[in-house]
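Asker: Handing you a structure now.
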Amino acid sequence: MASDAKFRRVLLKISGEGLMGTREYGLDPETVDRIAREVKSVRDLGVEVCVVIGGGNIFRGVSGASSGMERAAADNMGMLATVINALSVQNALEKVGVETRVQSAIVMPTVCEAFIRRRAIRHLEKGRVVIFAAGTGNPFFTTDTAAALRAVEMGCDALLKATQVDGVYSADPKKVKDAVRYDRLTFNEVLARDLAVMDTSAIALCRENKVPIVVFDLHRPGAFAETVSGRGLFTIIAND
């Protein structure tokens with residue numbers, strides 16, 4: 001591994017909205033291609049990278065349920081949306097020469113591999129990027145929880161959550177001008193202050209398994225590689 005990389009293996013969590021760019025729905029090809037280049041830059045450091053992507057740019061299960069749809073059915077639709085996003089990012093990565101595998105928690109053998117932990121680890125060891133799709137494969141669980149679960153299963157050194165801002169704030173900095181930005185927090189502080197980082201199930205999984213969460217700005221060029229190297233602006237959440 002390159003000497004300036006702080007982690008050996010990381011999981012990158014991207015929201016579905018992060019793939020929209022300036023659009024109001026769906027995928028923005030330029031944004032997807034830029035994210036692929038960011039992932040490649042980290043892979044080129046010698047870091048093993050796996051990815052979980054949300055589906056909110058296409059369909060969000062919670063929103064479907066609030067409109068009267070059965071929650072389990074809505075969540076299944078949301079999980080399928082993440083497969084579309086995963087295939088899009090896989091295509092973008094392979095265009096820049098990064099060998100990539102998509103593994104889905106919902107089996108669809110003509111589209112991608114089924115999630116098999118040992119196979120996923122072997123892909124990472126061979127230098128491939130692995131994108132985990134379809135969440136946990138079960139309704140009522142968010143893709144944040146899926147990201148935490150896969151990070152633990154893969155033995156990742158950190159879960160890197162790419163967001164719209166450069167870390168964790170006391171309130172939404174786009175709405176509250178005097179929101180306080182944190183450089184470092186404990187898991188217990190995040191839960192006690194009810195900070196909007198990830199859902200409580202994801203936080204609990206990472207806390208119990210000692211996987212730090214690092215929050216950084218998805219939209220700043222080079223931020224992923226800088227964060228993996230311990231530079232730039234980010235918030236790290238870890239045990240005491």
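Easy rule for this one: first residue shown is 1, then count along the chain.
For all residues, glycine too, the Cβ spot is worked out from N, Cα and C.
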Asker: Looking at Swiss-Prot, ASP75, THR136, GLY137, ASN138, PRO139, PHE140, PHE141, THR142, THR143 are annotated for UMP. Which of GLY55, GLY97, GLY155 sits in that same site?
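Answerer: The record-listed residue among the candidates is GLY55.
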Asker: Fill in the CA-CA distance, GLY55 (UMP binding site) to TYR169 (ATP binding site), as an integer in Å.
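Answerer: Cα of GLY55 (UMP binding site) to Cα of TYR169 (ATP binding site) measures 24 Å after rounding.
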Asker: Compare all C-alpha positions of LYS13, ILE14, SER15, GLY16, GLY56, ARG60, THR163, GLN164, TYR169, ASP172, the record's ATP binders, and send over the largest distance in angstrom.
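Answerer: Spelled out: the longest distance between any two Cα atoms in LYS13, ILE14, SER15, GLY16, GLY56, ARG60, THR163, GLN164, TYR169, ASP172 is 24 Å.
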Asker: Check the DSSP secondary structure of TYR169 (ATP binding site), expressed as helix, strand or coil.
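Answerer: Once the DSSP labels are grouped into three classes, TYR169 (ATP binding site) ends up as strand.
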Asker: Given TYR169 (ATP binding site) and THR136 (UMP binding site), what distance in Å do their CA atoms have, once rounded to a whole number?
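Answerer: The separation of the Cα atoms works out to 28 Å.
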Asker: Work through the binding-site residues one by one (SER15, THR136, ASN138, THR142, THR163) and point out the residue whose CB has the fewest other CB atoms within 10 angstroms.
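Answerer: Per-residue Cβ counts within 10 Å for the binding-site residues SER15, THR136, ASN138, THR142, THR163 bottom out at ASN138.
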